[in-house]
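Trainee: Sharing the record's features from TrEMBL:
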| type | residues | note |
| --- | --- | --- |
| COMPBIAS | 484-494 | compositional bias 'Acidic residues' |
| DOMAIN | 35-462 | domain 'Major facilitator superfamily (MFS) profile' |
| REGION | 1-23 | region 'Disordered' |
| REGION | 466-508 | region 'Disordered' |
| TRANSMEM | 32-49 | transmembrane segment |
| TRANSMEM | 116-135 | transmembrane segment |
| TRANSMEM | 141-164 | transmembrane segment |
| TRANSMEM | 176-194 | transmembrane segment |
| TRANSMEM | 206-225 | transmembrane segment |
| TRANSMEM | 267-291 | transmembrane segment |
| TRANSMEM | 311-335 | transmembrane segment |
| TRANSMEM | 347-366 | transmembrane segment |
| TRANSMEM | 372-392 | transmembrane segment |
| TRANSMEM | 404-426 | transmembrane segment |
| TRANSMEM | 438-458 | transmembrane segment |
Amino acid sequence: MADSSEPKPNPAEANNEKSEELETKKTSFPKRYIVAIMIFLGICVQYALRVNLSVAIGAMCNNHTIEQNGFTIHKKAEFDWSSKLQGTILGAFYYGYTAMQIPGGWLGQRFGGTRVFGICLGIASVLTMLTPLAARTSVAALITLRVIEGLALGALFPCNHAIWSKWAPPTERTRLFTITVAGCPVGTILSMPLSGVMSKYGFDGGWASVFYCFGAIGLLWFFVWQLAIHGSPSDHPTITTEERDYIEESIAQLPPAKKGQVPWKSILLSGPVWAIITANFTADWGMYTILICLPKYFIEVLHFDLAKTGFLAALPYVVKTFVGPSGGVLVDWLIKNHMSVKNTRRCIFTVGCTTASIFILITGYASTPAMAVAFLTIGVGITGLNASGYAVNILDIAPQYAGVIMGVTNVFGSAPGFISPQIVGILTPNKTAGEWRIVFWITAVVYVIGIVIFGLLVSGELQPWAESNKDDDKGDKEDKNDGGDEEKAEEGQEEEKKDDSVEEKPSE
């Protein structure tokens, strides 16, 4: 795998500056950055479609008032759903979302990441616009629709990786990928306040306008995507020759991915992989508990109105937007100057989870609504550090299998999306502060368990089963016979390659 930090001469890197200068002279905005911006906007829409129900359900199931032209108008709740049923409805999306993580990666590889990314978000946008109809038809119809919407949106993040395998030069992958995933907190920040305002003042009962408007925005994005984005640089009709050659020559320096030779057994039995799986589950338990259920807490316990709830629920993600990148800079500096990779990953994850557990826990004992909001904002915002501990760790231990491991960990990481809301619904039937304290205690305990397991199993070194392509070709058999005699392995490398090529030809 190419590493931009290596001092070895590289044809793609040698042409890097020259190509970019030519791009500037032609006054053509690089197409790869247009792709990044469109994916960023797509992920913003995705998060809007995911979280809008979390805010709108407050208007759907609770009586509320609005001030209009000097008059107070009382709006009666349209649905009489219990807290437990609300939890089931909110979690339904994540059943489909979880199930699509690994198949989504396969679809992206089979049919093209750009095509699947666009179609899936387009389908989810249509389903969002049908949400009011489904809700007014039956609970079963709404739950079914949300599961299908989860299936559609579950393919987006795996397809994001497939897109960048065609569009991102190795020296720009981190930069481009970071631009796109910034859509997660930004989409949450924008959609929660807007959902609150529309739920209170919108048309067709208020709450229904949330789904019509965000669904329409998603369809608008879909049409622009279809017109502007292409599967690869070679398919793009208006890309400059210089940019196309720069991208394709850079990517050509990397070893091609080998299909069907993933060391599944080694991955699934790896302690460091399970460290990442545990950390992903831990971080996402806290994230989904707050992301999905925070608006309910503000309405049911703190008694905020709908418009205020949307704005306040977005505050933690404003903080998280800045904490995340800052944590990445801090981690890089620590690794370069002071600490080992392993200890740095362990420490940053511990700081993030410990601080979050403390502030989320004391939220349940806050004496005023303002204090509760402040504690939650700090507690959730600091979790922006967590990704620098576990998510990037995949590249430390097995960069060539990063996509596969990410798909596996996302299956476990998405599970809290449907488990947590149901537990919250069961634990808060009377909507009291005491019941919510139990929810916050469970979240804190999950954080502590995650800290311990991640701290014990984490590694900062390349794993033996990910050290060479030769090991992959042998299906991990070489790992068992490897006595650490690297010199003998190098001497026999050429002969083994010849043998492999002879054996592989009949199967092609």
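Yeah, the Cβs are placed from backbone N, Cα and C, and that goes for glycine too.
So where do these features actually land, and what's packed around them?
Mentor: Within the same chain, residues 114, 117-118, 121, 124-125, 128, 149, 153, 156, 160, 163, 167-169, 172, 176, 179-184, 186-188, 190-191, 214-215, 217-218, 221, 224-225, 228-229, 233, 243, 247 sit at least 6 positions outside the transmembrane segment (32-49) and bring their C-beta atoms closer than 8 Å to a C-beta of that stretch.
Taking Cβ pairs closer than 8 Å, the transmembrane segment (141-164) reaches residues 35, 39, 42-43, 46, 49-50, 53, 88-89, 92-105, 107-109, 112-114, 116-117, 120-121, 123-124, 127-128, 130-131, 134-135, 173, 176-177, 180-181, 403, 406-407, 410, 414 in its own chain, all 6 or more past its ends.
Within the same chain, residues 279, 282-283, 286, 290, 327, 330-331, 334, 339, 372, 375-376, 378-380, 382-386, 388-390, 433, 436-437, 439-441, 443-444, 447-448, 450-451, 454-455, 458 sit at least 6 positions outside the transmembrane segment (347-366) and bring their C-beta atoms closer than 8 Å to a C-beta of that stretch.
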Trainee: The transmembrane segment (176-194) and the transmembrane segment (438-458): do they have three or more Cβ pairs under 8 Å, with pairs 6 or more apart in sequence?
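Mentor: No; fewer than 3 Cβ pairs under 8 Å.
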Trainee: Cβ pairs under 8 Å with the transmembrane segment (176-194): which stretch of 206-225, 311-335, 404-426 has the most?
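Mentor: Between the candidates 206-225, 311-335, 404-426, the best contact partner of the transmembrane segment (176-194) is 311-335.
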Trainee: Please indicate, using numbers and ranges, the residues of the same chain that are 6 or more beyond the transmembrane segment (372-392) and have a C-beta under 8 Å from a C-beta there.
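Mentor: Here the qualifying positions are 275-276, 279-280, 283, 286-287, 290, 294, 298, 302, 312, 315-324, 326-328, 330-331, 345-353, 355-360, 362-363, 366, 454, 458.
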Trainee: Restricting to the same chain and to residues at least six past its boundaries, which positions have a Cβ under 8 Å from a Cβ of the transmembrane segment (206-225)?
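Mentor: Sequence-distant neighbours of the transmembrane segment (206-225): 38, 41-42, 45, 48-49, 52, 55-57, 59-60, 75, 78, 114, 117-118, 121-122, 124-132, 191, 194-195, 198-200, 306.
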